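Straight from TrEMBL, the features:
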- E16, H19, K138, E139, N142, R144, H171: chlorophyll a binding site (BINDING)
- R21: chlorophyll b 1 binding site (BINDING)
- Q156: chlorophyll b 2 binding site (BINDING)
Amino acid sequence: ESPIIPFDDDKNAEREIIHGRWAMLGVAGIVAPEVLGGAGIIPADTGLVWFKSGAIPPQGTFDYWADPMTIFWVNMCLMNFAEIKRGQDYWFPGSQAETPLMGWEKGFAGSGNPAYPGGKYFNFANLGKDDMAKMQKKEIKNGRLAMMAFLGCVVQAAATGEGPFKNICDHIADPFGANMLVNFSNIGGGASPF
């Protein structure tokens, strides 16, 4: 047990895996709209930089299958279900195979390790049987890299007021005018979006 972090090491390892997965999704979500909007693959008004995407009004103009508030609440319910299932398996490993759920419970039996649930729903393609340890090591390394990349995106946004794709394009075009030293000197100089 760490004197700084008041939880045991096993739980911290599982938390690091979960945070790494969210960071990998988050960094992809930061970069993808900017790249796809700049390439004209998605409409320019949806290809926003990540720190401005929340500025879209909830009753926006985008045409989905329902209004934005309905989509928000459907997402909340689905995420709530998924996170409750994950949380229950986190605190009581293997319990999800015992809780009745319309006959689906056996598919939630998993691997016995809450960080790597497995089973027919979470590993339906049955991948990684032979090299699971190697894949787990790659996942944790990529997760740590993504957490650092997210921190870099936050610092970059504070220093330049631009997204990561625009920053890399600017750096390639002018390596001596758009770099870390120049950008750090801009922090607090009015460029920050925060």
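The backbone N, Cα and C atoms fix where each Cβ goes, glycine too.
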Least buried by Cβ count (within 10 Å) of the binding-site residues N142, Q156: N142
Distance from the residue listed as 'chlorophyll b 1 binding site' back to R144 (chlorophyll a binding site), taken between C-alpha atoms, in Å: 9
From K138, E139, N142, Q156, the binding-site residues whose CA lies within 10 Å of that of R21 (chlorophyll b 1 binding site): E139, N142
Extent of the chlorophyll a binding site in Å [max Cα distance among E16, H19, K138, E139, N142, R144, H171]: 32
Local backbone state of N142 (chlorophyll a binding site), from DSSP in three classes: helix
Whole-number Å value for how far Q156 (chlorophyll b 2 binding site) lies from E16 (chlorophyll a binding site) (Cα to Cα): 24
Alpha-carbon spacing, H171 (chlorophyll a binding site) to Q156 (chlorophyll b 2 binding site), which is rounded to whole Å: 12
Mapped DSSP class for E16 (chlorophyll a binding site), helix or strand or coil: helix
All-chain count of other Cβ atoms within 10 Å of K138 (chlorophyll a binding site): 11
Rounded inter-Cα distance in Å - the residue listed as 'chlorophyll b 2 binding site', H19 (chlorophyll a binding site): 21
DSSP state at H171 (chlorophyll a binding site), helix/strand/coil: helix
